[in-house]
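For reference, the structure discussed in these notes is given below.
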């Protein structure tokens, strides 16, 4: 049976009427859970080593631009060739593109010959245009001259070279089909130029296949899962100003405004939060409908720059946006119905928020304290995103093995047609890169949970000092209790915080892995057919989600007891759970309703960040040229997630204030035979009225 904690966490009156002199916060603490602090530090060292591998091996340009026939990344500078201005990949041999689209064709598109160009070439109406290889050997042209001549030096070719070109073996290739810039690759349009084709035939060129198949191969490559994933990751790198503004500055500003409004207009904030949440949810849904093309003519398009309205090219991105639009519609309907259902409980939330508002008013440093973990998280995320981009692009450029295919091409240096090294290049990802990426993702989640937990523990320690001093400015309370709480955390409890954040991260990771396996088995048709296994399948999902929610709730209360008592994570969890179970009728409904309003407040901030992200991404900068994002989906989702994390840091001031006061109230009541001596009158009124209501409901 544990003893009273009054002497540990504040002044309390002893049986003889004197005041105990142990002080507000117990000072003879010990370092707890040191093993997990060592593990956390070791993990950070591993994260740095893992990231350094990405910085050394990766090149984020690979996520956006393709490779040419020499294995160079378009749009970048290489040791022997500067392709900085040439960021478009163009397949020069139309017959190779055609063959790669055949079902039984031996040639793969990755082995078709490509060059990097400034823009997609167009066939001529009165002559035959050519696109030639990079100038080498006897072709005495500089790269800039080659570009100025529209990549054409056919007139400089020797008879042998001309004959090779007419056989579609280079070094020059005819422009027969129009093409359009689709994500920095020239997509063939299956509409041959009659004039160019006639000139080609008159020159004695080999037969060029004309069929719809010629545009299917490139389209299939552009819409593959790997290509779409690379574009989505590249979108994060291109939209970094949007992430800084909409994922950092906007939620920072909104969260501070929300705390100030809670402080001064607490009675109206629950109503404002519920109404604003539904309005923002509907607004974000409408924006997805706009980008899906179901409202207006602003649908996501894979084509970059100006193009002929005749061309209609669609990508997976549009399908994904439409799927999210449908999902958001369902969420909006559920949210509106849920908001109507909780209207009667909002008054109860108002009473609880008034208690937190009083604490914020007395300990004013709490409003600005979250700016410290916010700044630390901002620095971490900038490092993490940069490392993630390099890790995702850290594959090795290797030449393909295509011995069984006919891909001969004229070599300007060897002065002959070469069939030995004409295969294309690909980026090969080894299994250890996949492991490094998952390790990096887990590190991000653990670090985020660690910063949030540390912030919550500091806030809990500050509020506990306020509660047990009965709101008085005791000389034993530091002038800035927030910084005193930070000092105790840094000195004694970082290991406990590391353990709590690790548990949440591990459970969430397991749930994510199981969900990914479930989706894969569902796609492959391996979902169990028998009703028993199907029930077990869905029950396990629900149980894991419940375990995750329970652990997060227990962790939050454990952080409070860590701040108050300085005990280890497991011991603090046991104390907090026992206190809550002993007073469940008294605090259950009040705490739940308060958490719902705070959760809606976090969603308001994050949804506004997502909405503002939509507006920024809809500008000219991100719709054309080099900064064009393939889809607003991932940047907007990142803005929403970052906005939610920032809101969590700041809303923890209110959330942890309520929870700390309630737990302190429970301990206060237990130490004083059911009559809390230090509780604010407003809290007593709210909890007592809630208990009476529950007792009446149970008796009836």
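Using the three backbone atoms N, Cα and C, a Cβ is placed for every residue, glycine included.
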- State the residue range annotated as transmembrane segment by TrEMBL; the candidates are 545-566, 567-588, 633-654. 633-654
- Note on the structure: Per TrEMBL, the transmembrane segment among 297-318, 363-384, 385-406, 407-428 spans residues 363-384
- If you check TrEMBL, which stretch out of 12-33, 34-55 is marked transmembrane segment? 34-55
- Query: In TrEMBL, which of 164-183, 184-203, 204-223, 324-343 is labelled transmembrane segment?
  - Reply: 324-343
- Can you dig out which of the ranges 464-485, 596-617 TrEMBL describes as transmembrane segment? 596-617
- Which range of 489-514, 515-540, 671-696 is transmembrane segment, per TrEMBL: 489-514
- Message: When you look at the transmembrane segment (34-55) alongside the transmembrane segment (489-514), do they share 3+ Cβ pairs under 8 Å, ignoring any pair fewer than 6 residues apart in sequence?
- Response: yes
- Please give the sequence-distant neighbours of the transmembrane segment (324-343): residues at least 6 beyond its ends with Cβ less than 8 Å from one of its Cβ atoms. 274, 277-278, 281-282, 284-285, 288-289, 291-292, 294, 593, 596, 633
- Task: Would you kindly list the residues that approach the transmembrane segment (268-290) from elsewhere in its chain, counting only those six or more residues past its ends and only Cβ-Cβ distances under 8 Å?
- Result: 258, 261-262, 296, 298, 321, 324-325, 328-329, 331-332, 335-336, 339, 342-343, 346, 349-350, 353, 597, 600-601, 603-604, 607-608, 610-611, 614
- With a Cβ cut-off under 8 Å, give me the same-chain residues at least six positions beyond the ends of the transmembrane segment (240-261) that come close to it. 269, 272, 360, 367, 370-371, 374, 378, 385, 601, 604-606, 608-610, 612-613, 616-617, 622, 635, 638-639, 641-644, 646-647, 649-651, 653-654
- Note on the structure: Within the same chain, the residues 6 or more beyond the ends of the transmembrane segment (363-384) and with Cβ under 8 Å of it are 51, 248, 252, 255-256, 259-260, 263, 440, 443-444, 447-448, 451-452, 454-455, 458-459, 462-463, 466, 480-483, 486, 642, 645-646, 649-650, 652-653, 657
